[in-house]
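Pulled from Swiss-Prot, these are the features on record:
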DOMAIN    23-109  domain 'Fibronectin type-III 1'
DOMAIN    292-384  domain 'Fibronectin type-III 4'
DOMAIN    643-733  domain 'Fibronectin type-III 8'
DOMAIN    1449-1551  domain 'Fibronectin type-III 17'
CARBOHYD  Asn28  N-linked glycosylation site
CARBOHYD  Asn53  N-linked glycosylation site
CARBOHYD  Asn268  N-linked glycosylation site
CARBOHYD  Asn480  N-linked glycosylation site
CARBOHYD  Asn575  N-linked glycosylation site
CARBOHYD  Asn599  N-linked glycosylation site
CARBOHYD  Asn1097  N-linked glycosylation site
CARBOHYD  Asn1164  N-linked glycosylation site
CARBOHYD  Asn1186  N-linked glycosylation site
CARBOHYD  Asn1368  N-linked glycosylation site
CARBOHYD  Asn1475  N-linked glycosylation site
CARBOHYD  Asn1519  N-linked glycosylation site
Amino acid sequence: MLRHGALTALWITLSVVQTGVAEQVKCNFTLLESRVSSLSASIQWRTFASPCNFSLIYSSDTSGPMWCHPIRIDNFTYGCNPKDLQAGTVYNFRIVSLDGEESTLVLQTDPLPPARFEVNREKTASTTLQVRWTPSSGKVSWYEVQLFDHNNQKIQEVQVQESTTWSQYTFLNLTEGNSYKVAITAVSGEKRSFPVYINGSTVPSPVKDLGISPNPNSLLISWSRGSGNVEQYRLVLMDKGAIVQDTNVDRRDTSYAFHELTPGHLYNLTIVTMASGLQNSRWKLVRTAPMEVSNLKVTNDGRLTSLNVKWQKPPGDVDSYSITLSHQGTIKESKTLAPPVTETQFKDLVPGRLYQVTISCISGELSAEKSAAGRTVPEKVRNLVSYNEIWMKSFTVNWTPPAGDWEHYRIVLFNESLVLLNTTVGKEETHYALDGLELIPGRQYEIEVIVESGNLRNSERCQGRTVPLAVLQLRVKHANETSLGITWRAPLGEWEKYIISLMDRELLVIHKSLSKDAKEFTFTDLMPGRNYKATVTSMSGDLKQSSSIKGRTVPAQVTDLHVNNQGMTSSLFTNWTKALGDVEFYQVLLIHENVVVKNESVSSDTSRYSFRALKPGSLYSVVVTTVSGGISSRQVVAEGRTVPSSVSGVTVNNSGRNDYLSVSWLPAPGEVDHYVVSLSHEGKVDQFLIIAKSVSECSFSSLTPGRLYNVTVTTKSGNYASHSFTEERTVPDKVQGISVSNSARSDYLKVSWVHATGDFDHYEVTIKNRESFIQTKTIPKSENECEFIELVPGRLYSVTVSTKSGQYEASEQGTGRTIPEPVKDLTLLNRSTEDLHVTWSRANGDVDQYEVQLLFNDMKVFPHIHLVNTATEYKFTALTPGRHYKILVLTISGDVQQSAFIEGLTVPSTVKNIHISANGATDRLMVTWSPGGGDVDSYVVSAFRQDEKVDSQTIPKHASEHTFHRLEAGAKYRIAIVSVSGSLRNQIDALGQTVPASVQGVVAANAYSSNSLTVSWQKALGVAERYDILLLNENGLLLSNVSEPATARQHKFEDLTPGKKYKMQILTVSGGLFSKESQAEGRTVPAAVTNLRITENSSRYLSFGWTASEGELSWYNIFLYNPDRTLQERAQVDPLVQSFSFQNLLQGRMYKMVIVTHSGELSNESFIFGRTVPAAVNHLKGSHRNTTDSLWFSWSPASGDFDFYELILYNPNGTKKENWKEKDVTEWRFQGLVPGRKYTLYVVTHSGDLSNKVTGEGRTAPSPPSLLSFADVANTSLAITWKGPPDWTDYNDFELQWFPGDALTIFNPYSSRKSEGRIVYGLHPGRSYQFSVKTVSGDSWKTYSKPISGSVRTKPDKIQNLHCRPQNSTAIACSWIPPDSDFDGYSIECRKMDTQEIEFSRKLEKEKSLLNIMMLVPHKRYLVSIKVQSAGMTSEVVEDSTITMIDRPPQPPPHIRVNEKDVLISKSSINFTVNCSWFSDTNGAVKYFAVVVREADSMDELKPEQQHPLPSYLEYRHNASIRVYQTNYFASKCAESPDSSSKSFNIKLGAEMDSLGGKCDPSQQKFCDGPLKPHTAYRISIRAFTQLFDEDLKEFTKPLYSDTFFSMPITTESEPLFGVIEGVSAGLFLIGMLVALVAFFICRQKASHSRERPSARLSIRRDRPLSVHLNLGQKGNRKTSCPIKINQFEGHFMKLQADSNYLLSKEYEDLKDVGRSQSCDIALLPENRGKNRYNNILPYDASRVKLCNVDDDPCSDYINASYIPGNNFRREYIATQGPLPGTKDDFWKMAWEQNVHNIVMVTQCVEKGRVKCDHYWPADQDPLYYGDLILQMVSESVLPEWTIREFKICSEEQLDAHRLIRHFHYTVWPDHGVPETTQSLIQFVRTVRDYINRSPGAGPTVVHCSAGVGRTGTFVALDRILQQLDSKDSVDIYGAVHDLRLHRVHMVQTECQYVYLHQCVRDVLRAKKLRNEQENPLFPIYENVNPEYHRDAIYSRH
């Protein structure tokens, strides 16, 4: 269809023009036939001419000309069928032949009815009916519309004018609910369309007076009938668009009831009135009444001011909840909440108050309410505090009352977890005194004050304390210069820590906190000699008690003691720095030759003292001691010596020699060690001689000549000396190598020489001429030259140089000549290209002759030219042009000469052979030339145009060409070349011209012409005379040649061939030169094809033909365009091809075919139109989309182009249902269909006058069932029923579905598939199922209705195998097998069997099948019942019962115990009463009692140890370490009395009571009741048993019992007085004997010391304090060992620790002098003193380690190290000091020589800023030399408390023989003291021992700290002791330390280290015991020990 008429006309016109034929043919024709329809026409005509070309042109008043391509029917008949015409339109048809013949015809097309005619149901009402239609295609004058009733009688008729959009008409005043038929006909002019009929109905009237009666699960509906026709009513109850119930009722009914509805739910009720296929409705929102909430609970969740309200949402819907809170009828708060909220909270309430909560469920305007009560938690008391200042056994608590409501307070006192008091006080109380409870001093108790309100309570806790007691036996343990140690015993009761303070007068110096386990403390950093007050305060919380003591530190020794003689021979002066701290005075001693010369006391303000009248040169010692408070400090010693006297009469003589001096003197008076004679010069000693004091002369040789020597004779005595001085000089030496130089000067001579050796004063230089003196100069000795000026040029002189030293001198001579002067006024007189002429004036002074030289580049041009001394000019000839020469004139005098010079330049020559060329360039000229003769510096080349300089350039001399750029094209230039040499120039000229420029912008254009081309260009640059234009063919053959003047810009070539390619060239001409050609190419336009036509077409195919084009062409391009002008397809064909076909085109589409003729890049085209046949639609599908009265048909659009679709729907019986025409649709909905019915649809595709169709089927969805319900719901089955759809609908069956998809069995109990019910089997118990039912329509092709759904849950099964059993006395455990059901959990209740009181009730998760029920009453029967719950379904109950176990009796409170005031005592017994009420029988009846007895001591416990059984009386009597025992068990008779609480029984403890075990028999190991000790404090507890023996009277291993608190101490009576007196007498006798023995030994010791010590001498070599030792029982010999059995060690250690470690300190004092009598002479040698770190820690000579001597040095074998024996070898260890920087090599040498494999280091290199040991090993893995040994670290393992390193060591002489050494470095030993715990060091020692045992061939193990005695001795002793523990049944710590001190001084240096060894042994033994009890042999012995922490209280060096 050609819709774009105007555009198409233009295309056709162009086509006609382009395809016009060459010859005209006359074609007459006759019209044969013409036919029209609505959209097309058919016209035929006949002609007898041939061939003819016709065109059919037609048009209307609404469209322009359109064309129809005629076809030849036969040889003479033509026809054309115009399509796509407009219906109802008048067309003018014109048939035209190409020769001008034509004919005209007028035809009108038929009008079309409306495309869509329908009843507008939206505008149709009860009394009106509106129809509407779309405009007909084409032209319509009006529409005729008729209305018929159901009897086919015409009722109304109307004419409606044409409209551009929808047209409509409404019929009025019709009857409600009646059926009608409407017809419509389109009219256009005289023509009418066929009529179209539709059916319609008016809408029936709705019901009236709709009424509702709501209930929670039902609604009652009532109404009144409306007017008009009614067939039936349909009642639809909907919920949010979903139908809940849908039912039809008879038209006579006026009410209906809906049941099984949701409470409180809002429904949409619609009552539909149905008549004539239409319906009208009235709807109303209706609501069921809501239900009240369930499980309403009001809880406080432990909160004070809020209540949480929770409830379960009621069935159905709730819009909101109205919640009110009230108290005693008054509403306090109300709120409204919306679901799904099922809880809320009321805040800001009064604590402890009872409230009423009411919840109203509101659904719309309806509501239902429910109430419950709840109480808030009472508030805690506020400001709860305890108060105590002075009470040690009581305190008071105060509080502020809480806010809100409460009833009373409960006061509970706790001792940790033990309740001491539980009482109730009134609400008006605000304090409570906790007294009369015998609380323990210093203990912290916890007090809980509980506020009770109803059954709720709230509590607040605080802590209260009793005041602690002060420490006991506080005393000063030790003191030194800066520290003061105190010790004490722990107080009674409890405390948390100690506060240690130290007062210096009124100033607090130290204030520190210590742990409660501390028993001593050392104050450090104190002032020496000062008196301090130390205070120890016991702290318990913020309460305290203090105890104080005074002590004084040892005064400090003075420092920096110096003794100085101040250069005096008979006096010594001493000074020192005052000692720190407090000093009373200083004691100063002067000692000479071990004799005290003076003993003076000086004031503390003095720090110096002097000694007079001393012997010269003597050595004295000064000793200074500080004294403060009667205590002396350590002594400080310094030495000093007086100065010796000097000699006299010193004489010196050189004997006339320059290298010799002799010295003599008189002997000095006094003591002299020797003389020292020295020769010095300028303060530096050149030679010295040591002369014996008996000799008084000496001589020196090999001295320096001329030197003045200072001669010193020194008298030496010790380090001091006296001196005598004089001086003398040696004879000086001569100078050497005199040199005289004129320095190239004419009036000057310089004299130089080599300095004379030795010393001298200066030089004298004299110059002469022929023996006549001229000048003498004095030259300093530092210089070796001098100058003489104003001499005669060229003259010879004599020079003399003399050396002067004091009164001595020596001389040497030499000669020299001055330089002559040069000539004057040397001038270049004349020059040419080859000549130079010079002149000069004569020189001054003496001249022998002149010499003239000519040089070029410093090379001589001619031989030397000699002239007489009178010559003044010379001329050089035959020289080179332009060359630069140098002319020299020399003045000669003797062998010396002087020169003058001048430079000369010859004139340069011009260049030759100039050539100028443009080389085809338009803007440049190239100039070349040949050089002239001689030298040039450069060339200057210039270009001139018309005598104006254009360019000028300087060219290097080696260049011979130059190019001028940026010149004008085609112009003439003059070129000038200048030769330059120095300042001289020469020039030559020449002429040249540039090439003309080519034209630009050459273009060849065809102006779309087929036979001409025009070439154009732009003017050429520069100078041009004319242009030559050449025309050439494509192969370059010249076709034409023309010339144009310089002003021309284009030229046109005519008569060319179409489509042919040409070339054009243009040349610029100037001065006979041609430019480079400029070229362009052009082509004429090719001709288009003619006679273009369509030869064949089909639905996917089009074929075209044409006549070939004239001229030249390359190919054809053929294009096929879509209607939207997009390219569909293209092809390129050969020029000989005259037809082409297109395949696979789009159906029904109108295409445009264009053929383009190509020649080169030019083309010409022709075109024509053609259409393909349309296609049918695809994938036609019908769908009901879950609707019952509609079908949707959808399809894929038809391929290609089309005009519209025609849709025809048929009923199952073949009758047509509906007919529609649409274009752009792919889906159509048919409405008003029967539910479940099958329909057939035809879809016809139209494109132009062509069409195609396809068929599809569809079935509507059947109506759904309704009223789904469940019945007979059991565990595994149920019945389900529903109501089916109406009978007038189509359906076949029902389908039942469910979720979850279990394998169920569905049974239909009826024979018909349409039956409305099924029975379901195989359900899972307790599972929730969702069932849905659908209606099925059809058999093979089924459709389904919307499902109706319902939920149901089966009942869960009950649990299996419930079994309950007791767990303990207050708990039972129940287990069961869960049911094979779906369930949420269990509902569990536990009741007492006797009272049916619920003790336990809870919901339990489904995952659990085991439950522990606790907090029950012991020994009661309980019934446990369990139900399985699954949502709202509950299983059958399952029950089981059991009895709880018996438990230990409840713990009696602290006040329930034996009262010490209610007892009768004797010396061996205690009589008291026990009441049955002391123990409750709630945990079981008390079966037995026992009495527990304990001796009272300071460490008393509150209750007996939880141990069964306790020791018996016999064990207590025979083992002093046992302090507690029990009696035999006796049966309880408390349960025999109805009122057992008042029953009591008497106990007489210690009276051999039968019930307590009776009299004790040592032969029987049983519990008994023996007599108590006289005058002994006992504490008594009663132990009650609820379970002790089984039925066979066998005792349980773990019986159940409880104890009362121990009574307060009850002391038995004393023995008679006679026994006491006897004991006292015996004690006094023993004391007297002991005093006598002590006196005897003291006297004996004093006598021994008086014999050994001289009275007049003081030794300062070794300071050993005196000590007296008493060793009773040893017969005067010191003990060497003290082995202790392992099983007795802990008791032994406790005895040593008694009385502040008194015995242990005494034992350590016994070791003080062990081994000290041995000699240390080798260590004291002066050569070895520097190798000792400390001067008081020296190795004994007998046990020291010796190194191999080096170079026969007897002291090279010394190192401060000692052999120490072990348990296995005599030399098992080497104890040594930490290496010094100078002894590191010796240390490793010792390790190498002693075959050491293991080194133990127990110190840090630096501790507290002080160097303790040098870092003597490599810091990384790089090897280092230590002497001759090479050491390399192999590995390093760093652990938290020690580090293990491995070293590889070898000798430099034996590199292959290396050895591995392990280095064990313990890093946590504190600077002063011992490690904090024993565990760490024990583990370290065992680690080292393990490595030692794995090195069987190794030598001794080296152990060192800093000094090698304290920590070293502790380590060695501990290693030996641990080995004893592993191999023996005894341990000997004393013997081990004694043995160590025999081999090295001070081993185990401090008492705290000695104590620490005992603690290690104790902890190891404890660990062994614990390991044995745990029966775990792998348990480490150093673990699971509760180690005590230790700190050394004594500063020590180790």
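Numbers here mean position along the shown chain, with the first residue as 1.
Note: Cβ is positioned from N, Cα and C throughout, glycine not excepted.
Feature map: annotations from Swiss-Prot on the structure.
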residue: Asn28; record: N-linked glycosylation site; DSSP class: coil
residue: Asn53; record: N-linked glycosylation site; DSSP class: coil
residue: Asn268; record: N-linked glycosylation site; DSSP class: strand
residue: Asn575; record: N-linked glycosylation site; DSSP class: strand
residue: Asn599; record: N-linked glycosylation site; DSSP class: strand
residue: Asn1164; record: N-linked glycosylation site; DSSP class: strand
residue: Asn1186; record: N-linked glycosylation site; DSSP class: coil
residue: Asn1368; record: N-linked glycosylation site; DSSP class: strand
residue: Asn1475; record: N-linked glycosylation site; DSSP class: strand
residue: Asn1519; record: N-linked glycosylation site; DSSP class: coil
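Counted with DSSP, the domain 'Fibronectin type-III 4' (292-384) comes out as 0 helix, 55 strand, 38 coil. Note on the domain 'Fibronectin type-III 17' (1449-1551): mean pLDDT across this stretch is 85. Helix, strand and coil content of the domain 'Fibronectin type-III 17' (1449-1551), in residues and according to DSSP, is 18 helix, 27 strand, 58 coil. Classification of Asn1097 (N-linked glycosylation site) by DSSP places it within a strand. Cα-Cα distance from Asn53 (N-linked glycosylation site) to Asn28 (N-linked glycosylation site): 11 Å (rounded to the nearest whole number). Residue counts for the domain 'Fibronectin type-III 1' (23-109) under DSSP (helix as H, G, I; strand as E, B; rest coil) come to 0 helix, 49 strand, 38 coil.
Annotation for Asn268 (N-linked glycosylation site): same-chain Cβ neighbours under 8 Å, separated by at least 6 residues, are Leu237, Met238, Asp239, Trp283, Lys284, Leu285, Val286. Within the set of glycosylation sites Asn599, Asn1164, Asn1519, the entry lying nearest in space to Asn1186 (N-linked glycosylation site) is Asn1164 (CA atoms). Asn53 (N-linked glycosylation site) has a Cβ environment of 17 other Cβ atoms inside 10 Å. The Cβ of Asn1519 has fewer other Cβ atoms within 10 Å than any other of the glycosylation sites Asn480, Asn575, Asn1475, Asn1519.
In sequence order, Thr47, Phe48, Ala49, Glu101 are the residues of the chain that are 6 or more apart from Asn28 (N-linked glycosylation site) and have a CB within less than 8 Å of its CB. Of Asn575, Asn599, Asn1475, Asn1519, all annotated as glycosylation sites, the residue with the shortest Cα distance to Asn1164 (N-linked glycosylation site) is Asn575. The Cα of Asn599 (N-linked glycosylation site) lies closest to that of Asn480, out of the glycosylation sites Asn480, Asn1097, Asn1368, Asn1475, Asn1519. Between the listed glycosylation sites, namely Asn599, Asn1097, Asn1164, Asn1368, the fewest other CB atoms within 10 angstroms of a CB are found at Asn599. Per Cα geometry, Asn1475 is the residue among the glycosylation sites Asn480, Asn575, Asn1097, Asn1368, Asn1475 nearest to Asn1519 (N-linked glycosylation site).
Put simply, of the glycosylation sites Asn575, Asn1368, Asn1475, the one whose Cα is nearest the Cα of Asn480 (N-linked glycosylation site) is Asn575. Candidate glycosylation sites: Asn575, Asn1368, Asn1475. Nearest to Asn1097 (N-linked glycosylation site) by Cα distance: Asn1368. Across the fold, the C-alpha of Asn575 (N-linked glycosylation site) and the C-alpha of Asn1368 (N-linked glycosylation site) stand 87 Å from each other. Residues of the domain 'Fibronectin type-III 8' (643-733) grouped by DSSP class, helix first, strand second and coil last, total 0 helix, 52 strand, 39 coil.
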